[in-house]
Amino acid sequence: MQKTEDPDWDEEEMATTERELADDAQWKKIQKNTFTRWANEHLKTVNKQLTDLESDFSDGLRLISLIEVLSGKKFKHANKRPNFRTQKLENVTMVLKFLEQDEGIRIVNIDSTDIIDKKLKLILGLIWTLILHYSISMPMWEGEEPTPSEKAPTPKQRLLNWIQSKCPDLPIGNFTTDWNDGKAIGALVDAVGPGLCPDWEDWDPKKNQANAKEAMDAAEKWLDVPQLIRPEEMTNPKVDDLSMMTYLSQFPNAKLKPGAPVRPRVNPTRVRAYGPGLEPTGNQVAGPARFTVETFSAGKGNVEVTVLNPQGQNVPCEVTFNNDRNLTYSGVYVPTVEGAHRVVIKFSSKEIPKSPFNVKVEGVAGDPTKVTASGPGLEKSGVIAGKKTYFEVHTQQAGKGTIDVAILDPHGHRDKVRPAINPIADKEGSYLVEYVPMEPGLHSVNVFFTGRQIPGSPYGVSVSPASNAKACYATGRGVQARGIRAKDNAVFYVHTKGAGEGEVAVQIFGPGGEEEKCKIKPVPGDEGVYECIYIPSKVGNYIINITFADQHISKSPFKVEVGPFWNTKIRAYGPGLEGGVVNQPAVFTVETNGEAGALGFSIEGPSQAKIDCKDNGDGSADVTYYPTQVGEYAVHILCNDEDIPNSPYMANVIPAQSFNASMVIAKGPGLEKSGVVPNQWAEFTVDIRSAGTATLNVSCIDVDYNPVEVQVQDNGNGTFTCRYMPTKSVKHTVTITFGGVSIPKAPFRVFVSEPSNPSKVKVYGPGVEKGVKTFSSTYFVVDCKEAGPGDVAVGLTDEHGADVPVKTTDNQDGTFKVEYEPKSPGHYKAQVYFANKEVPQSPIKVTVEPHIDVSKVKVVGLEKTVPIGQPKEISVVSKDLPKAETSIKIVSPTNQVVVVPTTPTDDGAKASFTLLEPGPHQVQVSYGGTPIPDSPFTVDAVAGGPNVKAYGPGLTGGEANKPAVFTVDAREEKIQGALKVSMAGPGKSPVQLKPNTDGTFEVSYVPTLPGDYSINVNYGDRPIPESPFTANIRPSSPGLDVSGIRAYGPGLNPDGKLHRAWVFFFNIHLTGCSSLN
């Protein structure tokens, strides 16, 4: 811890202490008691106490407790039962070491043995060192500024400086003799706890001990300052300063406790006396001389008044206590002789400042009937509470006399309003009277001359409330921060009701500081409300200063950002733009009328408001918000984040009411979407029987926002009959509110039109024209604008007569949009009905073309006959066409539908399928959703093997190394296929196939080894009847080689005619044969 004591002063004080504590020192006992009390004040927090300072520290335990309390730290290794000297020495040594090393306290001329040996002088010196450190040097006192250590005063000077700052009226320069009379401690106690000793200045120094006791008792009870020194000790001329410093060091951080019996200080010097009865001149014989004595700042005391005439005789003076806020007394005396009078005024037996007052009384009083008074302060109206007013009194023709004015407030008090009366310098005999009424109401102004009322007095003056500009406020669009545009009629209202008297003034400064004109006029029938209109001429920032009685009203000045002029088709209307009711839906409508842009909405006001927006799908939206507090709301309607013209709309929301607009029912043909015709009454009924009591409002506008008159008739039974007559065949909007709240389903949109005439319906659009493609969405329009009221119905069928789904949308403008997407090409038929009658154009034929030229798509590998149970692979070739999905479906003879998966290839797609039922199948092939030419294909599924025959010598036998030949005849087989022949036997047997022109095949093979060979003959991957064949091959014989024989000629052709000779030839030249059988 940083050391705060001055070492030199510390040693000096220690030396002084030793001298004071000599055995023959007179006040050794006082100091011992003071220090003991100081230690006990700290030890009582741990329930310990010293009875003998000399011996109680000898074992070190109480010393340890004291240091723990002072430092806030604990000793962990103390001897709790020190029965031996060494143990006691350890305890005391530990404490002294802690003080020096941890607390930074310099210990002078004392060690552990001095305390154990009960050396009182040195023990007191140690206690003083603790007091100096913990009570005087270390604490930071309230209101004291930190001081650098090198410039810090000594602890003694520091405490003295603080006391002197608290008691500047006393010359306190020490801690001994300056405190003996008891007044210094009284002044200090009253400075720390104002009102505890307010009259210390009047204390008798001879009653010093009583003075000190009163002050010290009050400090102990109400400031929590224990009496470490006793009153009789403080007032002793030889009291030592260490004891005094110990006691006085408790005051810097003392606080006055609640409930203290504080008393005002009596100070006659703060008494004021004034009035004509105390003026040097102006008082006359027999005229009442009045004056006032004000004691508010002087404390409690008695007022005594003595008036002496020139002969020294008392003049009776009546003094009356007014019992008012300023604790005033009214005095009046009537002089009976001319000459110098003396008015002596005392408070608490002491004369007040300027007393005695010397008053020269002149001769006989003048005539009050010749005195006149005039000025705004005497007018019946125009005087404002809290503002100074005046009037003049003229006495030139009245003779000698004194002017006196008494003003009674509305409660009859004459002391609340004090007039100031002064002669007018350049008008002899004239006086200026000024006064400030403090509250509104009727005041009585009494003007006296020579003690009597002048003509016209008393004057009745009605005082208006004091002007309070902050009670005024502005509402309306014209003071909103954003939304106003150049050339707008910007309107706002200033509300001044209850703000007192004053004028409304408006100053508007635009870009560059240029002032804009503002028209101000009161709103008829709305007390205290002023309408203000300005037209901003430029784009930019505007400042609007609104004052009342030359003071800015609440929130003034207003900052308004003016945007550029914007001509838009967007319109907004509805009750929610004008007002609403707390916790009730406030509804309005926004119509874009074909203008592009993103709509947005925001509500600013006393509370946040939930917003619901319903898009009507026709370029309009119904918006509902829910205000939760009373007040003005700014409804911003935005397009692309910019306020539309006339936005924000100002809606005044009123408190919640007992009615329920949601229970109102409105119905009738006049509210239906269709059926209303121009120039005929459209009627409907509004039923409010279940909704409570409120005002019903019904209005109607046409498509151009022009109002249409609505007649409302009260039926007397809670229902109302309403009717209006539209004159145009356009959309009309009917708005119905109850108590300012929109009813369910409102607003009602009614499409007024001529009677239904289907012959005037027009159908047009790409969906009924040339160029309709499959899988491409298209539409057509049914235009009923000139056809009158009626519903539209549309039916569409494809080339097979199947219904095609359509989507019909009401455009809310008399037209309907019909959308569809054709899935297959062909001739479609559209039938259109209006008002349950087919229109003249109907039915409309529509040719749907495929969206891809599928005539170029080919199927490869699909025969007319396919065997049952055998996989069949086909290819769909769509090369050079746009990529699209290839789909294949097969419908069996029993109408079972199978979707065949396809695999993309470089040329298109391939697929494999297996037919399981006998009979004709329909194979449907589509490309891009469009059937290809000739689809569906008929494929017959047949049972058994192929209808193919084999015959010839090579099927039964032959000779090794010589050709064996047989024929395969496939002419009767309907299914095209490939011929495959394979051999299995003792040796290799190469096979050669030679197709003939007649649908037969010549098969030859050369067996290399003799034995039995198996001949497998398959056609179209199926074995032909009797396959496999077994051929027995003989070993080869020497000699004749018939392999070179050749046969040819027309007689060998497969076709021939009955009973006609055919010739063929043999060539045996290469065989060596001479004959042939």
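Cβ coordinates come from backbone N, Cα and C, glycine included.
These features come from TrEMBL:
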type	residues	note
DOMAIN	29-135	domain 'Calponin-homology (CH)'
DOMAIN	153-256	domain 'Calponin-homology (CH)'
REPEAT	263-361	repeat 'Filamin'
REPEAT	363-463	repeat 'Filamin'
REPEAT	464-562	repeat 'Filamin'
REPEAT	568-653	repeat 'Filamin'
REPEAT	656-752	repeat 'Filamin'
REPEAT	753-848	repeat 'Filamin'
REPEAT	849-941	repeat 'Filamin'
REPEAT	940-1033	repeat 'Filamin'
Practice prompt. Using DSSP, break the repeat 'Filamin' (263-361) down into helix, strand and coil residues and give each count.
Written response: 9 helix, 46 strand, 44 coil
Item to complete: Sort the residues of the repeat 'Filamin' (363-463) into helix, strand and coil with DSSP and give the three counts.
Response: 6 helix, 46 strand, 49 coil
Response to the item:
Grouping DSSP H, G, I as helix and E, B as strand, the residues of the repeat 'Filamin' (464-562) number 9 helix, 48 strand, 42 coil
Item to complete: Would you mind giving the whole-number mean pLDDT across the domain 'Calponin-homology (CH)' (153-256)?
Response: 91
